[in-house]
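**Student:** I'd like to ask some things about the structure below.
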Amino acid sequence: MTEVQLQEFKLDPDSELRFEVESKNEKVVLEVKSGYAELFGTELVKGKAYEFHTGAKVAVFTWHGCTVELRGRTEVSYVAKETPMVIYLNVHAALEQQRVAAEQEGTRGPVTMVVGPGDVGKSTLVRILLNYAVRMGRRPIYVDLDVGQGSISVPGTIGALLVERPASIEEGFSQQAPLVYHFGHKSPNDNLQLYNTIVSRLAEVITERIDSNKKASTSGVIINTCGWVKGPGYKVLTHAAQAFEVDVILVLDNERLYNELKRDMPKFVKVVYLPKSGGVVERTGGQRAEGRDARVREYFYGKRTPYYPHSFDVKFSDLNIYKVGAPSLPDSCMPLGMRASDALTRLVAVAPSPALAHRLLAVSFAAGPEDHVLHSNLAGFLCVTAVDTERQTMTVLSPQPRPLPNTVLLLSEMQYMDNH
Ligand code: ADP
């Protein structure tokens, strides 16, 4: 048993308290005692207890000074005076000017893409900028193209959300009605053709939606990306920039990437170099895998607010499972008029088998394989918890009660062991 530790920190203006919760099943409670503070752009309420669990890496920033109390065991906790927050605030102010201009001229607000290698604080900067925008009364669209971590839905997807209120301190942005597309892998490299196809599709749908929502249109879009920035990874970024017709690219902590984008982007795209925060913590492969697992667990069971998923059996014969991408053959072996790259976006029927145990299945809105499956967004996810070949059934975990909708199910590479 560890005794509960109590720590009090006095923060000067423009400084932040950084802490990490590392040990298993640990809980740390944060409370602002006096003054004003924010957490990645969300204001903290004075006297309210916020809980953080294993894996949390957090910064409490104050513009005006404050006193903060931490209860529980933190692995690391220190106050930093050097932060890039003033620079990030200036970026927000520049975007805000563009939103004001868009409002006056009846045009579209800024479309901003945040790029950089892994663990430089891309997701954090996106969260800060969205929070600042929504605190000014804007309604920006948040796009996450990071299939590796995926903060909008489960890993292996890309998605978008209309942000209507600041991120909750403990639960992030409200996940109401996200627009989600299936990819099924952890890295764009696993199927570049498919990745680019769904990125283009998501961009198309967002453009359509923005056209019918003036408030969202003037507020603009903020896009998070994968940390893969070299070779094909760079091409994926420039493709996304083109698809979303970005106006601003914020490059975190990578001069080479900054220079490449300056060289290759059309002149009207503003490419801005930003320093990363010294507080950003590098994650190991194991921590990333844990992060992915936690996202799936949250999808089914909730985070602070608990969800109660359903578990039931379905007959093999009632399932329409497909995966995207046939094994690729050289062009010379393909039927006339088909290219090898087409195979990568083809649907292939998958027979239910024990190999599907613990895999995620994306529930598509597409009714059949002949529907535009890759262009259809997702209704949600199932997790196969058991397969019984004798009875020809499988047990699934589902946010919705039975029956399953009679639509296409897309097999994901993501696995989840349900031991709740
Ligand atoms: P990226 O999106 O580039 O991979 P993240 O934004 O996810 O990076 O940041 C990596 C980790 O560092 C996250 O767990 C995040 O909470 C943490 N982090 C970011 N900024 C700070 C900071 N200023 N102080 C402490 N931890 C931070």
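Glycine is treated like the rest: Cβ placed from N, Cα and C.
No curator has checked TrEMBL annotations; they are predicted automatically.
Dumping what TrEMBL says about this protein:
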{"type": "BINDING", "residues": "Glu16, Lys57, Asp119, Val120, Gly121, Lys122, Ser123, Thr124", "note": "ATP binding site"}
**Student:** Could you state, as a whole number of Å, the largest distance between Cα atoms of any two of Glu16, Lys57, Asp119, Val120, Gly121, Lys122, Ser123, Thr124, the listed ATP binders?
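**Tutor:** Binding-site diameter by Cα atoms for ATP: 19 Å.
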**Student:** When neighbour density is defined as the number of other C-beta atoms within 10 angstroms of a residue's C-beta, which of the binding-site residues Lys57, Lys122 has the lowest density?
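**Tutor:** If we count Cβ atoms within 10 Å for the binding-site residues Lys57, Lys122, the smallest count is at Lys57.
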**Student:** Kindly assign Ser123 (ATP binding site) to one of the three DSSP-derived states: helix, strand or coil.
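**Tutor:** It is helical.
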**Student:** Using a 10 Å radius around each Cβ and counting other Cβ atoms from all shown chains, which of the binding-site residues Glu16, Asp119 yields the largest count?
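**Tutor:** Ranked by Cβ atoms within 10 Å, first place goes to Glu16.
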**Student:** Which residues in the same chain, at least 6 apart in sequence, have a Cβ under 8 Å from the Cβ of Val120 (ATP binding site)?
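**Tutor:** Once residues fewer than 6 apart are set aside, Val120 (ATP binding site) is near Gly227, Leu252, Asp253, Asn254, Lys276, Val280.
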**Student:** Among the binding-site residues Gly121, Ser123, Thr124, which residue has the largest number of other Cβ atoms within 10 Å of its own Cβ?
**Tutor:** Gly121
